[in-house]
Amino acid sequence: MFTDQQKIGAMLSAMGLFFGFLGVLLFLDRNLLALGNLLLVSGIVLILGLQKTTKFFAQKKKIKGTILFFFGIVVLLVTRWTFVGMVIEIFGFVNLFGDAFPIVISILRKLPIIGNILNHPLVNRLLQKADSGNELPF
């Protein structure tokens with residue numbers, strides 16, 4: 001079903017998210033955030049392949065998110081402004097992968113523990129407001 005390259009890419013992406021989360025928990029540790037970014041991007045390349053990854057990041061409607069995501073990585077690596085780099089990078093990440101959030105939420109709702117939390121009336125109402133797209137969730 002999945003090739004070995006895609007399995008390695010999924011693991012690298014998961015490790016990238018883990019190291020990024022750990023970098024945020026450790027008060028924006030620059031080295032862990034940089035390692036997380038490197039692993040996440042290389043994992044995406046291995047999952048999709050180089051040609052599809054280039055095609056994904058170069059889409060006309062996603063070019064703003066691509067520029068912000070990679071500019072945030074550059075700010076994080078080159079300067080000492082880790083917080084600014086993370087904010088820029090997260091904004092770019094949301095612009096790039098925001099279309100997939102409803103799919104991820106519907107998958108998470110089917111999981112045993114997380115599904116119960118997401119189906120709670122307060123959380124469910126918040127997610128429905130965020131999904132409508134025309135109003136803020138708060």
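Placed from the backbone N, Cα and C atoms, the Cβ positions cover glycine too.
Since we're looking at a predicted model, the values are computed, not measured.
Tertiary proximity for the topological domain 'Cytoplasmic' (1-7) is limited to same-chain residues at least six positions away from its ends with a CB under 8 Å from its CB atoms, namely 46-47. Taken from Swiss-Prot, the feature topological domain 'Cytoplasmic' covers 1-7 (among others), and the record attributes it to sequence analysis.
The transmembrane segment feature in Swiss-Prot is assigned to 8-28 (among others). Long-range contacts of the transmembrane segment (8-28) within the same chain, counting only residues at least 6 positions beyond its ends with a Cβ under 8 Å from a Cβ of the stretch, are 2, 35-48, 82-83, 86.
Feature annotation from Swiss-Prot assigns transmembrane segment to 31-51 (among others).
Tertiary neighbourhood of the topological domain 'Cytoplasmic' (52-62): same-chain residues 44-45, 95-96, selected by CB-CB distance under 8 Å and a gap of 6+ residues from either end. Per Swiss-Prot, topological domain 'Cytoplasmic' is recorded for 52-62 (among others), and the stated evidence type is sequence analysis.
Positions annotated as transmembrane segment by Swiss-Prot: 63-82 (among others).
According to Swiss-Prot, the feature topological domain 'Lumenal' maps to 83-87. Looking only at the topological domain 'Lumenal' (83-87), the predicted model's pLDDT averages out at 94.
Residues 37, 57, 62, 64-73, 75-76, 114-115, 118, 127, 131 of the same chain sit 6 or more residues outside the transmembrane segment (88-108) yet have a Cβ under 8 Å from a Cβ within it. Annotated transmembrane segment per Swiss-Prot: 88-108 (among others), in sequence order.
Taken from Swiss-Prot, the feature topological domain 'Cytoplasmic' covers 109-138 (among others), and the record attributes it to sequence analysis.
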Which residue counts does DSSP give the topological domain 'Cytoplasmic' (1-7) for helix, strand and coil? 4 helix, 0 strand, 3 coil
Lying 6 or more residues past either end of the topological domain 'Lumenal' (83-87) yet within Cβ distance under 8 Å of it, the residues of that chain are 24, 28, 33, 72-77
